[in-house]
Amino acid sequence: MALGTMLKAPLLLLGLLTEGLAQLAIPASVPRGFWALPENLTVVEGASVELRCGVSTPGSAVQWAKDGLLLGPDPRIPGFPRYRLEGDPARGEFHLHIEACDLSDDAEYECQVGRSEMGPELVSPRVILSVLVPPKLLYLTPEAGTMVTWVAGQEYVVSCLSGDAKPAPDITILLSGRTISDISANMNEGSQQKLFTVEATARVTPQSSDNGQLLVCEASSPALEAPIKASFTVNVLFPPGPPVIEWPGLDEGHVRAGQSLELPCVAQGGNPLATLQWLKNGQPVSTAWGTEHTQAVARSVLVMTVRPEDHGARLSCEAHNSVSAGTQERSIMLQVTFPPSAITILGSASQVENKNVTLSCVSKSSRPRVLLRWWLGWRQLLPMEETIMDGLHGGYISMSNLTFLARREDNGLTLTCEAFSEAFTKETFKKSLTLNIKYPAQKLWIEGAPEGQKLRAGTRVRLVCLAIGGNPEPSLTWYKDSRTVTESRLPQEPRRMQLGNVEKSGSTFSRELVLVTGPSDNQAKFTCKAGQLSASTQLAVQFPPTNVTILANASALRPGDALNLTCISVSSNPPVNLSWDKEGERLEGLAALPRRAPFRGSAAARSVLLQVSSRDHGQRVTCRAHSAELRETVSSFYRLNVLYRPEFLGEQVLVVTAVEQGEALLPVSVSANPAPEAFNWTFRGYRLSPAGGPRHRILSSGALHLWNVTRADDGLYQLHCQNSEGTAEALLRLDVHYAPTIRALQDPTEVNVGGSVDIVCTVDANPILPGMFSWERLGEDEEDQSLDDMEKISKGPTGRLRIHQAKLAQAGAYQCIVDNGVAPPARGLVRLVVRFAPQVEHPTPLTKVAAAGDSTSSATLHCRARGVPNIVFTWTKNGVPLDLQDPRYTEHTYHQGGVHSSLLTIANVSAAQDYALFTCTATNPLGSDQTNIQLVSISRPDPPSGLKVVSLTPHSVELEWKPGFDGGLPQRFYIRYEALGTPGFHYVDVLPPQATTFTLTGLQPSTRYKVWLLASNALGDSGLADKGTQLPITTPGLDQPSGEPEDQLPTEPPAGVSGKTEAESEDRVRNEYEESQWTGEQDTRSSTVSTTEAEPYYRSLRDFSPQLPPTQEEVSYSRGFTGEDEDMAFPGHLYDEVERTYPPSGAWGPLYDEVQMSPWDLRWPEDAYQDPRGIYDRVAGDLDTLEPDSLPFELRGHLV
């Protein structure tokens, strides 16, 4: 029974119960007091539903009850957010509306009307709201969505479990679209009351046709519009079909040897597809196969070349896969046809004429058998006997025997054995031999040089031996004096004899013997033999001496010994004359009588007597054997070996030059026999180790090799040579050249202005050259580097640069350069210090410093001067020497090269006592100079000056000016301008306040303007800049190029306040003892300087903080000058004299911004100083507010 039928009974029972309850709760007619009653309803979970209730007495209180629980008359039904009463209560409509029904809403409901004046208490019949819950999930085992592998024909169990549902769902299981009949189901209670789950189990037996199909579990329910499903894919394994061999052609199994056979084997179906292999006689021969999944076919092709041994072989193709019960096989038996692989003729084809020749012809195994026949040339011969035998691989062997008489005319003919068969009509198998019938030669003779003809040694002679007829061909062997002639020789010997091969021309045979005649060929007999035949000839050869030998009566000679030499000529034809010479000098000797010698020649001898010396060692004494008839000479020499003690040769080098840190080789040119046993070198009484050292090595030639040579190695080296005959000595000098080193250079070199001085440079160098000294002056300009007005003097290791009538312009850095040709040249730096009287800087005729006179502020007065030697400063107030013992006065003096500074600090400034004229006097042994500084009260700023135009555009103008004294308070600037023809002034504030350049915008093209500049501080405004002079400006038109103005000049002329010349200014900068480093950059932000001639020079304490010079340890030696001679470097602080009454260096930050003063800018640097340590009292100008009323009373202009 299907699962759907099994589940219908519970559903029917549930339906009957629901229907019975409905009939029981609702009477046939509507009860009195209700015009609409609720009905039994069924709803799917999540849907909305409405239970109707219409009351005839609208004024009554109406509420609903759920399973006896009163929900209350409130239309919103508190506690039940999904419940509400719908309808118009005035019309008696009290419908219960439920949103998103769930299982908790499955209950009995009744509508109740309370008692009222309008009517009695009423209760509607009870109705049932049935909520249907669909199953949400299906749990399939095996797991849904997977690939499940089964074997065809085996039974498997599948289970499908539904989720919670109401009513219980109906489950169906399908495979390949077919419903599984063998299924059982169990209904169980769900996770909540009124919910059910169903578990269905099916037994499935898959078939091969189910492979790749889906197994589906479906669950249907009244709560579902369509069944829900879960499935998995079935992978059914099943065996392949039997293999099939596709034989090419009709005659299966019949093949021919040598044929290339391709046999396809195909197996249909199977999962997985079949695995194929080929076997030959049960042994695997191929395990390669391929598959075509679209056609479900496995294919394997056996490729083989058929051989005779394959006859009767059994070829099998096997197919199986992982689920095959066994191996399926298809076989074929091979029937191979093959010809004989070879034909063999047994017996010898060589025979003496007129004798019988017996041969046998045998074929290799063939299938079928072959027949044999004989041919001699084109004539067929009949065999004596034929035999058939069993062969290999099921074949047959054929044999034929033949006997015939050998004749001379048959020599060289071809004898053939031929095999044939009807099975091999297109092929012929043959074996041939060439008959060799033997018979002797008929005649033999020699052709060549006539006998008795004289031949000179070295002559090429050709002898030819000829013979007629004969088989085998005559060997024609040559003999010399009964010895066989061969070409065998040692590799180093010259090739004197060439023996040719036997050549044939028709029936004539020849062999050539070519030889270069030598002494051994004289009267020799040359014979040619062919079998029993022979022929001979004899040669007459003339030759020079075969060997010339010199014999001596002594081997070891010493100077003064006598030596007797004998020269022997071993053999020659004709006889020779002997003579002696020594290195080309002819010697007289004594000759001996000639005698017989080998090769039928004659021998000769001659002696000579010599007195030897050491000069004769190694010389050659030569003996010459001359043949006048042959016009040829043979020579031999004897080298004299004279033993003597070492002797130094004339080319011995006695002086060797080397460069320091380089290498030196002290050569040895010595002659000695035997060679010197030892070379001993001695330097300054010390013997150098023969084994070598860290910096020397004695070569095998005796030469001394030195490396990393130093000047200490310069000197005489003694060489001692020794051998077994005696000793010899020599002295060699090593001259070591080394780069110059400056030993003395007075730095600094001082001279008074107008005096004379020598800058002396003393060096250590080798060699000392006359022109090795040169001088340079270091400076940026070419004019600074000129030495035309100075005298250069050089003598030995000392060079001098003489300066007459020294000028300040000559002060600075000089460089002594010494180059003697050995790198590197030596360079020494020296400073020429020209001493001069103090020169106090006078930026303007008068200096002003502003400070509050309320006895609470401090003021610092600055005085800076240049001079050499160091300067002493003194101060006066209103012409009276200042008492520096007064605690209110503190002085700090600083010396840095030729620049000297004095800082006078006045504490608790009093208007009555300290507003005065202070004078600073600078003094050194050469003179003095002074300057005045006025201490004044805080006031309005001085007018700015130097207002000028930097650039112009049609709509803007860029202005630049010089700030004036700020009166001791922060000042700011503003610009007043007007356009000609337009009434009224325009005012513009300059931002930032301390700026000294500003771009005025908003102008009109081609318009004339007048511009004024003012300064102001907390005490008021200054006057107009440049004494109220206006700056006329005309803006360019739009079609005119913008840029710098051409015709508009500054409102003030260039201020020449110093009176110093340019040369004097440069002299001041260069004339310093040491490096003078200016650490600050020129800055125009401070408005403490007035550069007009009419205005005094002011300095405010507002932004000032002194910079202390660095201590001696802090100044870098390598930084050098940073002024005009910036490239020089000197030892620092040779003459620094700094009073150590102030805190350590750096306590107050930078003391000065040391920039060079030029004649047109002789003023203090205008940096805005800061006081990080705060050792100076703040003045009233440091207050932040700029409002006059907020200033202290004493700063409002009432003190002075």
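Using the three backbone atoms N, Cα and C, a Cβ is placed for every residue, glycine included.
Keep in mind the model is a prediction, meaning the values are calculated, not measured.
Annotated in TrEMBL:
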COMPBIAS  1061-1073  compositional bias 'Basic and acidic residues'
COMPBIAS  1076-1093  compositional bias 'Polar residues'
DOMAIN    27-130  domain 'Ig-like'
DOMAIN    242-333  domain 'Ig-like'
DOMAIN    340-434  domain 'Ig-like'
DOMAIN    440-540  domain 'Ig-like'
DOMAIN    544-635  domain 'Ig-like'
DOMAIN    740-821  domain 'Ig-like'
DOMAIN    838-939  domain 'Ig-like'
DOMAIN    943-1038  domain 'Fibronectin type-III'
REGION    1023-1125  region 'Disordered'
SIGNAL    1-22  signal peptide
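When pLDDT is averaged over the domain 'Ig-like' (544-635), the result is 88.
Across the domain 'Ig-like' (440-540), DSSP assigns 3 helix, 52 strand, 46 coil.
For the domain 'Ig-like' (242-333), DSSP puts the residue distribution at 3 helix, 50 strand, 39 coil. As a summary of secondary structure, the domain 'Ig-like' (27-130) carries 6 helix, 43 strand, 55 coil according to DSSP. DSSP labels the residues of the domain 'Ig-like' (340-434) in these numbers: 9 helix, 55 strand, 31 coil. Secondary structure by DSSP for the domain 'Ig-like' (544-635): 3 helix, 55 strand, 34 coil. Across the domain 'Ig-like' (838-939), DSSP classifies residues as 4 helix, 61 strand, 37 coil. Taken through DSSP, the domain 'Ig-like' (740-821) splits into 6 helix, 44 strand, 32 coil. Each residue of the domain 'Fibronectin type-III' (943-1038) gets a DSSP state, and the totals for helix, strand and coil are 4 helix, 48 strand, 44 coil.
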